[in-house]
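*Asks:* Reproduced below are the annotations present in Swiss-Prot:
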ACT_SITE  Asp43  active site
ACT_SITE  Asn91  active site, proton acceptor
BINDING   Asp43, Glu232  Mg(2+) binding site
BINDING   44-48, His60, 88-90, Phe92, Arg94, Arg213, 219-221  substrate binding site
Amino acid sequence: MIYGILSHVPKIFFKPAYDLYERYLLEKVKAGVLPKHVAIIMDGNRRWAKKREKPPWYGHLFGSKKLEEILEWCHELGIRILTVYAFSTENFKRSKEEVERLMQLFEQKFRELVTDKRVHEYGVRVNVIGRKELLPKSVRDAAEEAERATRKYNNYVLNVAIAYGGRSEIVDAVKDIVRDVMDGKLRVEDIDEELLKKYLYVPNMPDPDIVIRTGGEVRISNFLLYQIAYSELFFVDVYFPEFRKIDFLRIIREFQKRERRFGR
């Protein structure tokens with residue numbers, strides 16, 4: 001009965017309590033050990049759009065806006081590295097219209113990054129990781145322009161995984177190592193886990209402390225397979241466009257309570 005009454009109360013009446021709880025969580029999180037690297041599988045854009053009887057691109061558009069919010073949250077907390085899974089190699093199998101819309105959105109967002117005042121004010125370096133040769137030339141050009149425009153920055157790092165697959169990344173790294181062995185630049189005896197890291201799409205990047213997947217699915221979907229061996233995994237039910245700051249803070253708070261053993 002009480003739930004039935006509360007469900008008819010306008011949400012605006014709960015906002016002061018919500019804001020108070022968010023500030024409380026923020027203070028708790030800031031007082032603890034913060035992750036250096038957060039990775040996100042941005043899942044649920046299409047289902048979020050379908051729930052609203054909108055086409056898939058509508059969900060992807062709102063997903064891109066959510067990513068901008070998350071960048072602000074990371075800046076506020078001092079989380080230096082954010083890696084997001086935007087488009088897998090398997091996603092090319094989606095409908096032609098959806099893929100074309102997504103490519104247009106990627107191109108637009110990369111070009112916006114070049115002139116975004118926050119990117120330059122915060123010192124955000126942009127890396128686009130994946131098999132970029134699979135992307136349309138206009139998207140590749142826009143991605144490379146964003147990388148060039150931010151190459152000198154090192155305060156924060158945004159890795160955008162597009163046309164990406166974790167297995168493909170490992171295969172590409174192994175191919176490069178084999179070439180260097182054949183060219184006499186490396187000895188077989190030199191090959192170890194640390195050397196392989198130097199051949200990944202972003203060489204020597206610290207492994208993610210946290211991996212978050214939105215959308216309710218409990219799987220990794222070929223994301224950063226080499227890098228997440230000891231990452232803390234969090235799966236949340238909300239679709240990516242609905243992912244709130246309070247959800248983000250709760251995850252980090254839970255991360256701070258866990259004992260990381262790194263296989264020991």
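In case you wondered, yes, glycine gets a Cβ from its N, Cα and C as well.
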*Asks:* Show which residues of the chain containing Ser221 (substrate binding site), separated from it by at least 6 in sequence, have their CB under 8 Å from its CB.
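*Replies:* Ser221 (substrate binding site) has long-range Cβ partners Ile41, Asp43, Tyr85, Ser88, Arg213.
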*Asks:* If you count other CB atoms within 10 A of each CB, which of Asp43, Glu90 wins among these recorded positions?
*Replies:* Asp43
*Asks:* Near the Cβ of Ser88 (substrate binding site), how many other Cβ atoms are there if near means within 10 Å?
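*Replies:* That number is 20.
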*Asks:* Quiz question: given the binding-site residues Arg46, Arg94, Arg219, which has the greatest number of C-beta atoms lying within 10 angstroms of its own C-beta?
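*Replies:* Most Cβ neighbours within 10 Å: Arg46.
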*Asks:* Tell me which residues of the chain lie with their Cβ under 8 angstroms from that of Gly44 (substrate binding site), as long as they are six or more apart in sequence?
*Replies:* Gly59, Thr214, Gly215, Gly216, Val238, Tyr239, Phe240, Pro241, Glu242
*Asks:* Suppose we draw a 10 Å sphere around the Cβ of Asn91 (active site, proton acceptor). How many other Cβ atoms does it contain, all chains included?
*Replies:* 16
*Asks:* According to DSSP, which of helix, strand or coil covers the residue listed as 'active site, proton acceptor'?
*Replies:* helix
*Asks:* Check each residue in the chain of Trp48 (substrate binding site) that is at least six apart in sequence and keep those whose C-beta is under 8 Å from its C-beta; list them in sequence order.
*Replies:* Gly59, Phe62, Gly63, Tyr239, Phe240, Pro241, Glu242
*Asks:* Any idea what the Cα distance is from Glu90 (substrate binding site) over to Glu232 (Mg(2+) binding site), rounded to a whole Å?
*Replies:* 25
*Asks:* Under 8 Å Cβ-Cβ from Glu232 (Mg(2+) binding site), six or more apart in the same chain: what's there?
*Replies:* Asp209, Ile210, Val211, Phe255, Arg258, Arg260
